[in-house]
Amino acid sequence: MSPPFPQLSPDQQSLLTERLLHWSLANGLTMYPPQFKTFSPVAAPMTLFPTPFPREAFLSALAVQETFNQLYINVVTNTPWLTTILESLSEFDPDFTGKLFSTYKAAVQIGIPQPVSMGLFRSDYMVHGAEIKQIEFNTVSVSFGGLSSKIAEAHSYLNNTGAYTADGKKYYDPKALPASESIEKLASGLADGHAAYNESQDTSTVVLVVVQPGERNVFDQRHIEYSLLKRGIKSVRMTLGEITTKTTVDAARKLYVNASGEEVSVVYFRSGYAPADYVNESTWEARLHLETSLAVKCPSLLTQLSGSKKIQQILTTREQIVQFLPDAPEAQLAQLLSTFVDIYPLDDTPRGQLAKKLAFEQSEHFVLKPQREGGGNNIYKENIPGFLRSLDEKEWAGYILMALISPPRYDNKIVRSDETFSEPIISELGVFGTAVFNEQTGEILTNKTAGWLLRSKFESSNEGGVAAGFGCVDSVVLY
Ligand code: ADP
Ligand code: MG
Ligand code: MG
């Protein structure tokens, strides 16, 4: 049985909210508000209480992460297989997937000097029955590893100081509120890439963080940067638009920051995952310039593209998984496979033909996804038939059709911009992973689980983007 939420009087609740907001502003559980013009942050949208989450499902999501990291690394390093799929996918999405892929091919022509690649990954799930079911596997620019550690700490602080009860006692067993060490562990993942770069030399190098102009979620990123700095690793922030004028690649293909002359060990992308990040041709050139430098990319273009929705769809069958994880014990395979729901192509294969029927006849059970990242791109339920009809049938193959997962709803409260909303919420668990690997030989240098994130949103909204205003950061109370 999931634990009930604390029942508080209006006065107690406003005191609790004040404590939560003070803690958030004092500890960097913050973002910039929409259209910000000053440096003043606001508290990130968040839940007042931790949300119940079945312990076994939580532990199994953490336990399967290294297998998922390995699966995607093996996909990337089986380059002929991956590039064949990306070649045909490019036809359906020439403007973005196609551009990323042609930039990769241009890089291959020039020569990719750095065989070592790395990922900060995040595998997202919702609870379905007693199990976790995967929403998607993200291979680029995964966010909220910074704020996740903070919100879990905030909820624990409120619990430990008795703010959830009228008599000042702890409402939850502290052991049911796990910490998320995602800040430390994501920084440690970047430090692994940095160490791999510096193995053959002892110069002092920096991490280049590629950011979006006007990013509201900067503090999430900064927590990871400050943690890196505690390990003695400095980071420098730059937008894609600034790369060509503010960095240089020398004859040995080493990447340098012009202003300081510092050499770059790792390029950490917190931008470059959506079409809007490439405002003009020079931003595509910037990506090529970075890809053909000696710096370790987090992620490389191929690693980023391995996270395409189409790849996720292809990887839902046992035959495919076995091909990529030939040495995995049966229990490990079964655990991985148990996280999948049905995902269909919308092409001329038999499964594709079936999906074309389902999309029209049972649309209420599905979500239609294009090859995009970052939220706000999907088509849900009854909107699917009309959307498909508006396209030429040839274009349908650029989409995947995924069975909807229906997680339990909870009566938590969301605190956003000084307002508290009481509406049923549903939650999505993200598990972070980090890996450093050799893209040419397939050798895996490090493969780690790196903490977790819970995001919640009103049950009534289809998408869960926190920065976009649909969702909020949350933490778990295990039961
Ligand atoms: P993106 O890469 O844009 O984040 P996602 O695949 O994560 O795309 O979809 C965005 C959101 O849509 C998710 O955060 C989740 O709230 C919702 N969603 C996606 N797939 C499903 C699904 N199969 N069942 C229920 N909700 C889903
Ligand atoms: Mg995604
Ligand atoms: Mg997502």
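Even glycines carry a Cβ here, placed using N, Cα and C.
Cross-referencing Glu364, Glu373, Glu382, Glu393 with the Mg(2+) binding residues that TrEMBL gives (Glu136, Asn138) picks out Glu373.
For Arg216 (substrate binding site) paired with Tyr380 (ATP binding site), the C-alpha to C-alpha distance reads 27 Å. Cα spacing between Gly376 (ATP binding site) and Ser143 (substrate binding site): 15 Å, rounded to the nearest whole number. Under the DSSP three-state reduction, Arg122 (substrate binding site) is assigned to strand. Look at the Cβ of each of the binding-site residues Pro370, Gly376 and count the other Cβ atoms within 10 Å; the largest number goes with Pro370. Shown in sequence order, Phe269, Arg270, Ser271, Gly272, Tyr273, Glu373, Gly374 are the residues of the chain, 6+ apart in sequence, with a C-beta less than 8 angstroms from the C-beta of Ser141 (substrate binding site).
Across the domain 'Glutathione synthase substrate-binding' (205-306), the prediction's mean pLDDT works out to 98. Ranking the binding-site residues Arg122, Arg216, Lys457 by how many Cβ atoms sit within 10 Å of each one's Cβ puts Arg122 at the top. Of the candidate binding-site residues, Arg122, Glu136, Ser143, Gln221, the one lying closest to Pro370 (ATP binding site) when CA atoms are compared is Glu136.
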